[in-house]
Amino acid sequence: MSLTVTNLHGGYGAVAVLHGIGFTVAPGEVLCLMGRNGAGKSTTLKAIMGLVRATSGEIRLDATRLDTLPAHDVPRAGVAWVPQGRRLFAELTVAENLEIGLLTRQSPPEVRERALELFPRLRERLTQASGTLSGGEQQMLAIARALCTEPRVLLLDEPTEGLQPSMIALIHDTVVRLKATGVATVLVEQRVDAALTVADRIAFVDRGRIAATLPAAGLDRSAAEFREWVGV
Amino acid sequence: MDLGPFLFLATLEGLVSAAVLALTAVGLGLVFGVMRVVNVAHGEFFMLGAVVAWAVTNLMPGAPALGFVAALALSPLAAALVAIAADRAILRRLDYAPEAVIVATIGLGYILQQGALSLYGPEARAVAAPFSFRIQFPWFGYSGYKLAVIVFAALVLTGVWALLTRTKIGLVMRATQWDRETATAFGIDTDRVYALVFGLGAGLAATAAVLVAPISQAHYLMGGDPLLLSFAVVIIGGLGSLRGTVIAALLIGLTDGIVGVFFAPTLGKILATLLVALVLVFRPQGLFGRKTA
């Protein structure tokens, strides 16, 4: 399924953050949103999830309008969100966090098994409160919980933030494996290397709109776009 | 009577108070824990439970036990339905803003109280107990009904614990309690969860009132004390902690019962209030609560 965001405006109350942002992500494609802090990357993901109300514009999952659905129906339509900072249900166990994911679309237990195959370490922690996991394990759980919803579109908001290199590699490997299954992925990333490693295209976000979209293959870390739109 | 039997009697009285208080306070604590709002109308849902119990037991023909069982089913249901309607009509429109909900539930409580005065009247009315037998201890006889209240309250509290920890709806409630926005992002209709929790909280208060009505009668002003004591229990136990709420209810109920029997009922309330003040000063998150950032 393709996700298409068209001319989206929105924000928090009277504070407008998105000023006509638009992009399309195809099945099996990884689109990376890059930009400075406050550019509107995370707000875009929240708007897709219905957690920030769009004031105008459209969000479509194939033909289905997402922006007119109640927020709790967006994940049921097949969009999963891995929020910045993980936002696990910290008092709930690992198994209970995964169960919440399964309940989203009434998925069978095999879906959880597939998610655990990606992150076997979580299997040893099923009865542990998720708030007591290490940072890397928490990120694994945040992704596994999202995968338990059987998403066709995955929104990843800075999934490697604060992680050690081995864990970053694992997360990247997971994104690539999911891409092979046909999941359309929108990745918010601040690190140029990470973006170049996993993304097919990079969309530079500036003041709530897309300033430029380029194929990742045509870029290297010294490209002027990174200096101009990301500030690195 | 010797000191030992006297203490035993006081403890039994304290356990009855604690059982009723625990049910009421768990309802208040559940609403705060999940919805992060303070329901000032909680005492009036308690009153509503007792008043509806009086109405049901009087309307129901046949044995008193039959009427009481019907009241035990219908009163919490009635209170829950009123609470759910209030949630939809008022709290949801306020977007559960904590300060606005306090003011709104003060108004809601007043409406319920004056509604009861208009429809039910100012009299305190007796609700027939479902059975009346005395359990004879070597030193005194004691109401079998009061002991049944303790057992029934314990069963209901166990049921609430099981609901929260052993069922899917409990899991959904705990996820919503922890992070409403993320819960929504996992397909949870948190508006419905809030309505359910608000109804459940009111239903628990009403259940407590039905149990206590044969002991203390039903009256339109009876909601004040349960509300204040529930706040005391929830503050001492720790907001959002079921275990803390039950333990604090035992502490306050037993203190109230024992001190009330040995000294004066007012002294028990003074000690409870003092305990609240000490907890607020030295451990504001409550004995079993967690510090919030």
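Placed from the backbone N, Cα and C atoms, the Cβ positions cover glycine too.
Record features (TrEMBL):
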TRANSMEM  B:6-30  transmembrane segment
TRANSMEM  B:37-57  transmembrane segment
TRANSMEM  B:63-86  transmembrane segment
TRANSMEM  B:144-164  transmembrane segment
TRANSMEM  B:193-215  transmembrane segment
TRANSMEM  B:227-252  transmembrane segment
TRANSMEM  B:258-282  transmembrane segment
Same-chain residues at least 6 beyond the ends of the transmembrane segment (B:258-282) whose Cβ lies under 8 Å from its Cβ atoms: 6-7, 9-11, 13-14, 229, 231-232, 235-236, 251-252
The transmembrane segment (B:37-57) vs the transmembrane segment (B:193-215): 3 or more CB pairs under 8 Å: yes
Two-stretch contact, the transmembrane segment (B:227-252) and the transmembrane segment (B:6-30), at least three Cβ pairs under 8 Å: yes
Intrachain neighbours beyond the transmembrane segment (B:6-30), with Cβ under 8 angstroms and 6 or more residues off its ends: 39, 42, 45-46, 137, 139-140, 142, 146-147, 149-150, 152-154, 156-157, 160, 197, 200-205, 207-209, 211-212, 215, 226-227, 229-231, 233-234, 237, 239-242, 245-246, 248-250, 252-258, 260-262
